Amino acid sequence: MMHLIKLELKKGKMTGFLWGSVLTYGIMIGFLLLIYMVEGSSQTDPVFVSYEEMLGLIDTLVRATFIIYASALLSRLIISEFRDKTMALLFTYPVNRKKLIFAKLSIVFSWTFVNIVLANAIMGALFLAVNTKMGYVDDTITTELLYRHGAHVVMHAIAAAGMSLLPLAVGMRKKSITSTVISSVFIVMVVCSNNMGFSLSSIIAIPLSLGVLGVLLTYLSFRNIDKVDAA
Amino acid sequence: MTEIIRTRLLSKSYGKSDVVTNVSMQVRKGEIYGFLGPNGAGKSTVMKMLLNLVKPTGGEIELFGERLMPTAVEPLKRIGQMIETPVFYEKLTAQQNLELHAEYMGYYRSGAIKEAMEMVQLRGVEGKPVKQYSLGMRQRLGIARAIMTKPELLLLDEPINGLDPEGIQEMRVLFRRLRDEYGITLLISSHLLAEVEQVADTIGVIDRGRLLQEVSMESIRRSTTNYIEITTSDPKLAAYVLEDKLKLRNFKLAGGNALRVYDASVTPEELSKGLILNDVPVESINRRHHSLEDYFLELTRGGGSHDAFNQAGA
């Protein structure tokens, strides 16, 4: 299995995705700094009143970004392989088709999970550090807060990684890259939107069950892959 | 195990349209099997079924003496293939494409890539991305990929498409070499009779999804007889003279003003002398060869004329 994953990375030229990820980090940091600097200084209606809110915003932004990012990965690794007929080529190899697909999916799943956790850690630390200098948010860091937020991030990252597979079930029907990406944006809008401090993802059961649904639907899309015509 | 491929009543239909119907073919070890048929006859579909890419709706397949199960992948290790136009990872170089192929096939002999590229006469282009390749180069690279693992069985679908005459000649030599030096069994499809005729040991003719005939080239060559054709304005008189005066039995009226004499013991000179002495007006006498083309055209005409095939054979 590790061999298959390595081969996927080799042919996908994954360095491109690595740089894309770095760039995304940069953009997110810039965006958050902008919010922090512009909004944070206004004393009348502060955007963050506590660290919990600040870290929550970072988490939401990171998740939204990497769910969409995952749809680009899915397009590259699965949808376009079907469209370019290279999938049929892969199916002429003495490798179980389910294993081939599973290798690709596990790349997307773990990529999304790792990036969400990592980005949260980096940006959370960065903004806590910035705030100790600037002091726009009047709050204290407690170990309890960090533990609670850490657990929150990991749970949501797992859920988001599962959810990130949802667009595949949509995109696979017509082997369309566009519908894959659009459905990922749609998922983000539904799950990560924030309405007066309430969002669907604040009830952990919702993102978690969506994550399970993502894995389940993906499983169903490929359940019969080795019993159907491939070309 | 003398048969590498054996199919029994193999069929495939999509909804109501039958693409392949009851094909029972046998490909023996170490031979070149020419799979001949017009475009859309079902050649590619049969090959895809041998690779498990397309699942049969009826019948069964035996590869290497074992029944091919619908989810089996093990036999694929022993098969090299190029079906329809070869597909590559366009952005990767030829070298990288072949490296990937070797990895997925589980084949790790160093030098195999270089050797395969040389066998198909692709030199100095292994570092180029495949998207810059011409049609003919792609075809060669596809063949290189198929043969680089030295498989026991090679399935090549229209392998000479897009090649120039010189390239076609080179491939012909290569196919024979693969058979003779490496003992590879080849199944080569084509819609061009002339192509198949020159390399195949056995020919299977397929038309509209049905295998019409499976014959060895040797027996075809034996059965495609020579004859002498006589054109005359009075065929009746000529027939009388041939039978009564020259004592020939083995001839027939070929329609119009032509007669065909199949008796090998008589020469055109003797014939013309005998005919003229008996006052038969002879327009021409020619030694003719009943060609393979006629043979196959007769086969496929059985079910009505088929333009694509006629053109292809012409």
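Keep in mind that glycine also has a Cβ here, set from the backbone N, Cα and C atoms.
The list of residues near the transmembrane segment (A:16-37) in space but at least 6 beyond its ends in sequence, with Cβ under 8 angstroms from a Cβ of it, reads 47-48, 54, 57-58, 61-62, 65-66, 69, 73, 111, 115, 119, 122-123, 126-127, 130, 134, 136. What TrEMBL lists as transmembrane segment is A:16-37 (among others).
Residues or ranges marked as transmembrane segment in TrEMBL: A:57-79 (among others). Residues 8, 12, 17, 20-21, 24, 28, 31-32, 35, 48, 87, 101, 104-105, 107-108, 111-112, 115-116, 119-120, 123-124, 127, 149, 152-153, 156-157, 160-161, 163-165, 167-168, 171-172, 175-177, 180-181, 183-185, 187-188, 192, 194, 199, 201 of the same chain, all 6+ positions outside the transmembrane segment (A:57-79), place their C-beta atoms under 8 angstroms from a C-beta of that stretch.
Residues or ranges marked as transmembrane segment in TrEMBL: A:100-130 (among others). Tertiary neighbourhood of the transmembrane segment (A:100-130): same-chain residues 1, 4-5, 8-9, 17, 21, 25, 28-29, 32-33, 36, 51, 54-55, 58-59, 62-63, 65-67, 69-70, 73-74, 77-78, 90-91, 141, 149, 153-154, 156-158, 160-162, 164-165, 168, 218, 222, 225, selected by CB-CB distance under 8 Å and a gap of 6+ residues from either end.
As annotated by TrEMBL, transmembrane segment applies to A:150-170 (among others). Cβ atoms under 8 Å from those of the transmembrane segment (A:150-170) belong to residues 59, 63, 66-67, 70-71, 74, 78-79, 105, 108-110, 112-113, 116-117, 120-121, 179-181, 183-184, 187, 191, 201, 204, 207-208, 210-215, 217-218, 220-221 of the same chain, restricted to positions at least 6 beyond its ends.
Residues or ranges marked as transmembrane segment in TrEMBL: A:177-196 (among others).
Residues 98, 101, 105, 155-156, 158-166, 168-169, 172, 187, 191 of the same chain lie 6+ residues outside the transmembrane segment (A:202-222) yet bring a C-beta within less than 8 angstroms of a C-beta in it. Per TrEMBL, the feature transmembrane segment maps to A:202-222 (among others).
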